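Under the heading Zn(2+) 1 binding site, Swiss-Prot lists Cys47, Thr49, His69, Cys177. Sequence annotations record features per position, and here Swiss-Prot assigns alcohol binding site to Thr49, His69 based on similarity to another entry. Look at Swiss-Prot and you will find Thr49, 202-207, Asp226, Lys231, Thr272, 295-297, Phe322, Arg372 tagged as NAD(+) binding site. The Zn(2+) 2 binding site annotation in Swiss-Prot covers Cys99, Cys102, Cys105, Cys113 and rests on similarity to another entry.
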Amino acid sequence: MATAGKVIKCKAAVAWEAGKPLSIEEVEVAPPQAMEVRVKILYTALCHTDVYFWEAKGQTPVFPRILGHEAGGIVESVGEGVTELVPGDHVLPVFTGECKDCAHCKSEESNLCDLLRINVDRGVMIGDGQSRFTINGKPIFHFVGTSTFSEYTVIHVGCLAKINPEAPLDKVCVLSCGLSTGLGATLNVAKPKKGSTVAIFGLGAVGLAAMEGARMAGASRIIGVDLNPAKYEQAKKFGCTDFVNPKDHTKPVQEVLVEMTNGGVDRAVECTGHIDAMIATFECVHDGWGVAVLVGVPHKEAVFKTHPMNFLNEKTLKGTFFGNYKPRTDLPEVVEMYMRKELDLEKFITHSVPFSQINTAFDLMLKGEGLRCITRTDQ
């Protein structure tokens, strides 16, 4: 492309300080360096993680910053050493990477890349410790190596999944974080059998993606657990057959579920990050074969307490990160699941706004309205 090797000026939504509305600014985006790729972002979605680090409550504030990590785009140019991507390729940026060289990447059992595992505090490129974004010469920090709230961004090649160019980017962009996290937690980690009973704790976008995985796996009974009764109607679209609100019961919700299911559910997936829900997720599974999977990120001082007999009675507890998907290796196949109409993404996309109104997406999420709001960056 004619822009290769040159600085590109484009629009970006900049977070200047914690909790303040993003500002649409003209930024300069430098060319990609070794093992980097400059991507033209076409569609980007808002994830709760963006909101969490925008609010910057309880973490190191890194500002000014360009947030965003769920997106779909097209390769504009590549840096030295990049051989697997060329200009024009369609890609999904991912907040965590796959270098393909470390012990984790070489293991079939892990997706926790040593080099490119998520780093929320870095704010610069891993190669030279510099930002590729500037405004009037002043550096603007990156976010989790992606910074997709910009018309152009620079990303390490290991954090880009090359996908089918026929796949609509305004739909599959939501697969680059939350939906894959929930879907994979069920399909790759819990692995429910056809006809089994599955409980999903937390019915936000990630929990509903986990529920979609249970539906795809052929679970015959899918129990949604949430403190908001309004979530049940929406969850029915994802295969939910029963709904339990812990506030409606005097006994612990795990006891309610055990009674409902004649001894416990076959699989349970937790998508809340609340420690009580995590414990309940484990304690509600059936002895002998029950598997519980933890997805949510708890408070750093939270402590998981359960009786050791739960383990001795052959209940299994697992954790997962990004649904155990290796970004570059596995995400292209998740896109194909959508293309084959096995996976329905449209029902996750509840809102769409122009890039100039990106703050509306933040307002919707803060109010708990909708699941995913898509923004088209050229609007």
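Placement of Cβ uses the backbone N, Cα and C atoms for every residue, glycine included.
Positions of the features from Swiss-Prot, shown on the structure.
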{"residue": "Thr49", "record": "Zn(2+) 1 binding site", "contacts (Cβ under 8 Å, 6+ apart)": "His69, Phe95, Val144, Cys177, Gly178"}
{"residue": "Cys99", "record": "Zn(2+) 2 binding site", "contacts (Cβ under 8 Å, 6+ apart)": "Cys105, Cys113, Asp114, Leu115, Leu116, Gly158"}
{"residue": "Leu203", "record": "NAD(+) binding site", "contacts (Cβ under 8 Å, 6+ apart)": "Met211, Gly224, Val225, Asp226, Asn228, Lys231, Tyr232, Gln234, Ala235, Cys240, Cys271"}
{"residue": "Ala205", "record": "NAD(+) binding site", "contacts (Cβ under 8 Å, 6+ apart)": "Cys47, His48, Gly178, Leu179, Gly182, Phe348, Leu371, Arg372"}
{"residue": "Gly207", "record": "NAD(+) binding site", "contacts (Cβ under 8 Å, 6+ apart)": "Gly182, Ile200, Phe201, Gly224, Asp226, Val269, Cys271, Thr272"}
{"residue": "Val297", "record": "NAD(+) binding site", "contacts (Cβ under 8 Å, 6+ apart)": "Gly273"}
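It is Cys102, among the binding-site residues Cys47, Cys102, Cys105, Cys113, Val295, whose Cβ has the fewest other Cβ atoms within 10 Å in the structure shown. Around the Cβ of His69 (Zn(2+) 1 binding site), a 10 Å sphere holds 28 further Cβ atoms from the protein chains shown. Those residues of the chain, other than Cys99, Cys102, Cys105, Cys113, with a C-beta within 8 angstroms of the mean position of the Zn(2+) 2 site C-beta atoms are Gly97, Glu98, Lys100, Asp101, Ala103, His104, Lys106, Asp114, Leu115, Leu116, Gly158. Apart from Cys47, Thr49, His69, Cys177, the residues listed for Zn(2+) 1, the same chain places the Cβ atoms of His48, Asp50, Gly68, Glu70, Phe95, Val144, Ser176, Gly178 within 8 Å of the centroid of those Cβ atoms. Counting every protein chain shown, 27 other Cβ atoms lie within 10 Å of the Cβ of Cys177 (Zn(2+) 1 binding site).
On the backbone, the CA of Cys102 (Zn(2+) 2 binding site) and the CA of Val295 (NAD(+) binding site) stand 24 Å apart.
In the three-state DSSP scheme, Thr49 (Zn(2+) 1 binding site) falls into the helix class.
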